[in-house]
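Quick notes on the structure that follows.
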Protein chains: 2
Amino acid sequence: MNEKKGAILILSGPSGCGKSTLLKEVYKDINDYYFSISTTTRAPRVGEVDGVDYFFVTKKEFEEDIKDDNFLEYALVHGNYYGTSLKPINKALDEKKLVIFDIDVQGHELVRNKLDSIVTSVFITTPSLKVLEDRLNSRNTDDKEVIENRVKNAKAEVEYFRDYDYLIINDNLEEASKQLVSIANIARIKTKLFSKESIVSSWL
Amino acid sequence: MNEKKGAILILSGPSGCGKSTLLKEVYKDINDYYFSISTTTRAPRVGEVDGVDYFFVTKKEFEEDIKDDNFLEYALVHGNYYGTSLKPINKALDEKKLVIFDIDVQGHELVRNKLDSIVTSVFITTPSLKVLEDRLNSRNTDDKEVIENRVKNAKAEVEYFRDYDYLIINDNLEEASKQLVSIANIARIKTKLFSKESIVSSWL
């Protein structure tokens with residue numbers, strides 16, 4: 001009866017909204033997920049692990065996958081390719097996993113339009129721009145210019161929240177975690193994931 | 001920023017699927033809900049409580065509310081009126097509560113079409129018709145004819161599961177409860193519940 005395919009969970013939200021922290025809570029609670037990571041031809045930096053931070057491949061491998069139409073999207077930046085390979089995503093969907101994307105609003109549109117899968121999407125924000133700025137400043141890790149750029153992007157991104165299914169306003173970590181865990185828990189029981197035939201036949 | 005209205009959660013599923021048991025778990029976990037009950041002009045039976053089992057009203061009151069278009073639906077059965085009054089529903093929505101309906105597939109369509117609110121709907125089933133029959137028989141509370149009728153209705157209802165957002169196959173109470181609680185937890189953070197203006201203005 002459980003003839004269902006894998007499902008997709010998309011998270012978007014400005015840098016500083018707390019996405020990574022919330023995702024850690026989700027991973028404690030759910031099984032059978034695959035977190036989508038990018039593929040790149042640039043060399044690993046110190047501490048970066050293949051299959052964790054990126055899939056590190058050669059330029060030749062990357063270009064063959066471009067030719068075989070194996071990328072959801074890709075870009076050439078300063079001589080290095082970066083892209084989202086469809087191979088691990090399709091493998092995870094075949095294994096009925098929940099495929100999780102942490103992507104921006106353009107990526108959200110791309111996944112919705114290009115992947116023939118059932119998607120649940122979540123937009124995560126801070127309660128206000130002021131709170132976001134304060135969080136970014138208190139991290140003390142980024143240049144003023146980087147922060148200004150992030151704030152500018154955040155203002156542009158938040159305009160698109162209504163293209164998503166759910167909105168999490170992360171002003172309380174416990175509450176926001178509970179909401180995200182709940183969303184992840186039910187992403188795989190959308191009715192559209194079940195074929196009508198498989199359900200109805202067990203009812204004859 | 002939290003300028004949202006109340007939301008609606010609709011549960012449907014055949015008699016014997018475990019809806020009432022699952023609902024009890026939801027009530028332990030969520031706040032600010034209103035469970036929709038019917039209004040009737042029939043006399044309360046022993047043990048029935050006004051405002052819990054039904055709203056008990058006079059025929060005159062009922063007919064005035066019909067005239068004022070205050071019913072989602074109503075019917076006259078053996079000389080008594082039964083109906084779903086819009087007054088407590090609209091009050092609960094104004095108070096930003098989660099309004100929960102336990103209704104059949106026709107009721108689901110009615111709520112979707114007649115109430116201008118954000119709806120999440122869940123269809124609950126047993127894994128198979130056989131399991132449903134076994135559960136109804138093991139209850140030992142119903143006539144053979146009543147059970148046969150319920151089974152017939154169940155077969156007709158399950159055909160409509162794809163009109164719902166989520167499907168819970170209740171073959172494990174703990175898992176099914178977790179799923180329903182998760183659905184209830186996030187019914188109030190659908191993006192459509194937030195006005196674009198209210199969010200975007202806190203981001204300027």
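Even glycines carry a Cβ here, placed using N, Cα and C.
What you see is a predicted model, and the numbers here were worked out from it, not measured in a lab.
Per TrEMBL, the features are as follows:
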DOMAIN    B:6-185  domain 'Guanylate kinase-like'
BINDING   B:Gly13, B:Pro14, B:Ser15, B:Gly16, B:Cys17, B:Gly18, B:Lys19, B:Ser20  ATP binding site
Taking the Cβ of B:Gly18 (ATP binding site) as the centre, how many other Cβ atoms fall within a 10 Å radius? 21
What mean pLDDT does the predicted model reach across the domain 'Guanylate kinase-like' (B:6-185)? 93
Say we define neighbours as other CB atoms within 10 Å of the CB. Which of the binding-site residues B:Gly13, B:Gly16 has the fewest? B:Gly16
Starting from each candidate's C-beta and looking 10 angstroms out, tell me which of the binding-site residues B:Pro14, B:Ser15, B:Ser20 has the most other C-beta atoms. B:Pro14
Name the residues of the same chain, 6+ apart in sequence, whose Cβ is under 8 Å from the Cβ of B:Cys17 (ATP binding site)? B:Ile124, B:Thr125, B:Thr126, B:Leu132, B:Ala154, B:Asn170
Using Cβ-Cβ distances, find the residues under 8 Å from B:Lys19 (ATP binding site) that belong to the same chain and are at least 6 apart in sequence, listing them in sequence order. B:Leu11, B:Gly13, B:Asp102, B:Ile124
Can you list the residues of the same chain, besides B:Gly13, B:Pro14, B:Ser15, B:Gly16, B:Cys17, B:Gly18, B:Lys19, B:Ser20, whose Cβ falls within 8 Å of the ATP site's Cβ centroid? B:Ile124, B:Thr126, B:Asn170
